[in-house]
């Protein structure tokens, strides 16, 4: 599927201005360029174009609210100055798996003042001597490079994977507290009924046990009285024999 058709599909009857997250992974770009994406997507905060055969991002529209951009597994080798102009508020950028060979290609990213996380996995530039040290010097605003900070401490998942989560699910979350999704309609009160029935069974069981214990006690008393009666009878018989 080409990129234009994929964008149309992802809109799902929404207007471009309403879209905050757009995932175009694995579709086909035309001649290695972005197409179908316009500045009408003014509310876009997260854009993913992984493995779409991009070789240029020159056609990227003005996206002032864009915070995270996924460009991994493409054929990009330069032209990154466009990002500072079109996406000035970018905080997360993933360029892993592209044809970036030297630090000079990355230098235009200095103008991205809010850039916090940059990924360059599987790019030739990572093979340079003192790559990490030099890149942190080149981009002092960076907190994380390839998932680790300057002290080689791993980024929290929220930064390593990106901060955007459930941007288009706000409406779905509104009623979550009002009902239990795992309970089918009409069965919400069944658990309470089962508990009440269980309590009633326990009470009746206890009453039966008390009745059994009472009957056993009465039987024991009867046995004792019978024994005493027999003893008294024997005593009387013995007395009669003595009188004779």
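Glycine is no exception: its Cβ is also placed from the backbone N, Cα and C atoms.
Going by Swiss-Prot, these are the annotated features:
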- 157-227: compositional bias 'Acidic residues' (COMPBIAS)
- 123-161: domain 'LRRCT' (DOMAIN)
- 148-244: region 'Disordered' (REGION)
- 18-41: repeat 'LRR 1' (REPEAT)
- 43-64: repeat 'LRR 2' (REPEAT)
- 65-87: repeat 'LRR 3' (REPEAT)
- 89-110: repeat 'LRR 4' (REPEAT)
Other parts of the chain folded back onto the repeat 'LRR 3' (65-87), taken as Cβ under 8 Å at six or more residues beyond its ends: 25, 32, 42-58, 93-101, 105-106, 108-109, 111-112, 119, 121, 162-164
Distant-in-sequence neighbours of the repeat 'LRR 4' (89-110), which means Cβ under 8 A and at least six residues beyond its ends: 64-78, 80-81, 83, 116-125, 128, 134-135, 138-139, 141, 159, 162-163
Confidence summary for the repeat 'LRR 4' (89-110), mean pLDDT rounded: 98
Beyond the flanks of the repeat 'LRR 2' (43-64) by 6 or more, those residues with Cβ under 8 Å of it: 3, 17-29, 32-35, 37, 70-77, 79-80, 82-83, 86-89, 162, 164, 167
